[in-house]
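Take a look at the structure below.
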């Protein structure tokens with residue numbers, strides 16, 4: 001009187017394509033190339049309401065927690081296009097899982113794992129990591145992404161603040177399936193910018209053999225960026241002795257030599273005036289008028305130097321106001 005045992009294989013798989021476990025990497029690479037060719041066909045790009053994009057040769061999944069704006073969430077867009085499958089919070093994923101709680105970096109050593117079981121990401125807000133129940137999103141192969149720079153409009157230029165599609169693309173590039181990254185990034189106008197922005201780093205990571213070498217490549221890159229720190233310069237500091245130029249305005253190339261010539265000329269003129277004053281002082285060295293003239297001749301260079309300094313400062317202030 002027990003329940004009738006259902007024959008194996010009679011259940012329908014809901015939206016899942018079961019791949020043979022013994023598929024070789026060469027066969028997988030051929031499927032990747034076919035998927036790329038199908039994705040670049042003009043008919044697929046123009047007909048958004050057609051049969052949908054070509055199926056990817058590996059499974060893509062995500063745990064969606066509802067932290068992000070649905071209109072900006074790249075993971076939800078991929079799910080609407082049928083490229084990514086949404087998982088329940090407590091559902092297990094057997095492939096590679098990109099998670100902040102991972103202990104190893106993604107590396108080319110994960111190539112076979114990705115080809116056989118796919119990749120999953122966690123769609124959560126970077127501002128709510130402490131409130132995200134990572135322990136409920138179960139997986140056997142948790143991985144971290146190395147240092148990369150985001151190209152999405154929300155976090156452009158920020159290191160490690162990648163969106164879902166950028167995380168998928170980074171993992172595919174590192175394990176050696178860059179065509180899959182191109183297929184996903186083509187769905188976004190800014191997608192190509194992610195590959196251009198991180199080309200050097202992605203090539204370094206893809207040339208590694210394991211997670212340890214990926215870590216060394218990351219540390220080497222970060223060390224090289226710290227070796228050349230940017231100099232902190234205040235362009236409004238008039239006492240710094242530096243000359244600054246407004247790049248939005250043309251600057252005459254003869255301006256600096258003219259100023260130098262004028263300065264030299266003024267110095268020569270001051271020296272001539274000092275000699276003339278000395279000659280005038282010689283006829284009456286002991287008179288009261290001679291003493292006053294002598295003291296005035298000593299103070300004149302200092303007064304002229306102070307006048308030049310105040311004039312230069314005033315020019316700098318006027319130039320800053322004009323700019």
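Glycine residues also receive a Cβ, built from the backbone N, Cα and C atoms like all the rest.
Looking up 24, 39, 90, 140 in Swiss-Prot for phosphoserine, the annotated residue turns out to be 24. The stretch that Swiss-Prot tags with region 'Disordered', taken from the ranges 1-25, 51-75, is 1-25.
Ranking the binding-site residues 74, 122, 145 by Cα distance from residue 24 (phosphoserine) puts 145 first. Candidate recorded positions: 24, 74. Fewest other C-beta atoms within 10 angstroms, 24. Cβ atoms within 8 Å of the centroid of the Cβ atoms of 74, 122, 145 (the S-adenosyl-L-methionine site) belong to the same-chain residues 62, 75, 98, 121, 123, 162, 163, 164, 165, 166, 167, 168, site residues excluded.
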